[in-house]
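> Shown below is the structure under consideration.
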Amino acid sequence: MSLLLVLIFLSSSARTALSAHCSTAAPARTFEKCITLPTQQASVAWTFHAHNATLDLVFFGTFISPSGWVGWGINPSSAEMTGTRALIAFPDPQFRPVDIHLLSSSATLYGGKMATLHNGAAVQIYATLKLERNKTKIHLVWNRGLYVQGAAHKDDARTLKIAHGILNAVSWGVLLPIGAVTARYLRHVQALGPAWFYAHAGIQLSALLIGAVGFSIGIRLGELSPGVVYGLHRKLGFAAFSIGALQTLALLFRPKTTNKFRKYWKSYHHFVGYACVVLGVVNVFQGFEVMGESRSYAKLGYCLCLSTLIGVCIALEVNSWVVFCRKSKEEKLRRERLIGGSDKESGIHG
């Protein structure tokens, strides 16, 4: 059984060139037949195995720019461009499955591992196809172009990843802990009055707004990469954002100081707030792992910032205990004086 290749030349985004001599010998294997294609210095060689209806094929093409692409494909139904299933070789490939029975595929630059991509560089695209039995004709399509439009998509995704990382590190990893520290240590400074509360609320709201933007970018990144799932990072992100939103809503139901439920609200607010801080910091470190920045200067900078904040917390905690112990001692002495004075007064009257 012989196999007929019906050739279809796609003229869009391509440059006509002199025909290249075909060869049945390729760097990876040898084929039975070859044909020289009429344009683009391209050719194709193949071996058809009739006993199992498989086709080993290699397409020889050349790039017309370092950022370009070379591709060939098969239209399983008709001799036209519409409906073609193509294999594309370009510098930064993104794989999507094709709905033909493709047993294997690969692409190599002529010259092996030392080859570089440049104008006129030769490429071989290999494929092994499973054909329908008694099918004696397939439609071959080929083309090449100056640049890959999909590369801009990856650049945009990279920019979004950087923005997502920076916004979330600043909001969940820095501002939120600072807001918690403000509430814990400044509320006891009588000279500040209610200013500590406004500082605390302002920092936390700013953190939540910035974090909401970073969270939205993360959702968009997930839509742009449906095949990539970072389960733990995603779950921690949803948990931190949900708890942060609950904290914001809790302000609307904050009881007055004279309300008997105020102490329960404070316990809830403290517990949920610290849980949000812990989740946020843990997820920032998880984000560094996801982005492949586990040994980067960005992570080092964040660790130094967090270490500084922890050092400040330790210093403030020690100071709070010193003040507490001093006040307790002064209160004890005051009570002793009062008791001593009362005893003397009772002795005089007696």
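Each residue, glycine too, has its Cβ placed from N, Cα and C.
Unlike curated records, TrEMBL annotations are generated automatically.
Per TrEMBL, the features are:
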SIGNAL    1-19  signal peptide
DOMAIN    40-145  domain 'DOMON'
DOMAIN    128-325  domain 'Cytochrome b561'
TRANSMEM  162-183  transmembrane segment
BINDING   His164, His200, His233, His269  heme b binding site
TRANSMEM  195-217  transmembrane segment
TRANSMEM  237-255  transmembrane segment
TRANSMEM  267-288  transmembrane segment
TRANSMEM  300-325  transmembrane segment
> Rank 162-183, 195-217, 237-255, 300-325 by Cβ pairs under 8 Å to the transmembrane segment (267-288) and hand me the top one.
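Looking only at 162-183, 195-217, 237-255, 300-325, the most contacts with the transmembrane segment (267-288) come from 162-183.
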> Which residues, given as numbers and ranges, are at least 6 beyond the ends of the transmembrane segment (237-255) yet have a Cβ under 8 Å from it?
168, 172, 176, 201, 204-205, 207-208, 211-212, 215, 218, 261-262, 265, 268-269, 272-273, 275-276, 279-280, 283
> Residue list, the transmembrane segment (195-217) vs rest of chain: Cβ under 8 Å, 6 or more residues beyond ends.
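Those are 160, 163-164, 166-168, 170-172, 175-176, 178-179, 182-183, 186-187, 189, 237, 240-241, 244-245, 247-248, 251, 280, in sequence order.
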> Restricting to the same chain and to sequence separations of six or more, state which residues have a Cβ under 8 Å from that of His200 (heme b binding site).
Gly179, Thr182, Ala183, Leu186, Arg187
> Mind checking which of His164, His233, His269 has the fewest other CB atoms within 10 A of its CB? They're the binding-site residues.
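Fewest other Cβ atoms within 10 Å, among the binding-site residues His164, His233, His269, is found for His269.
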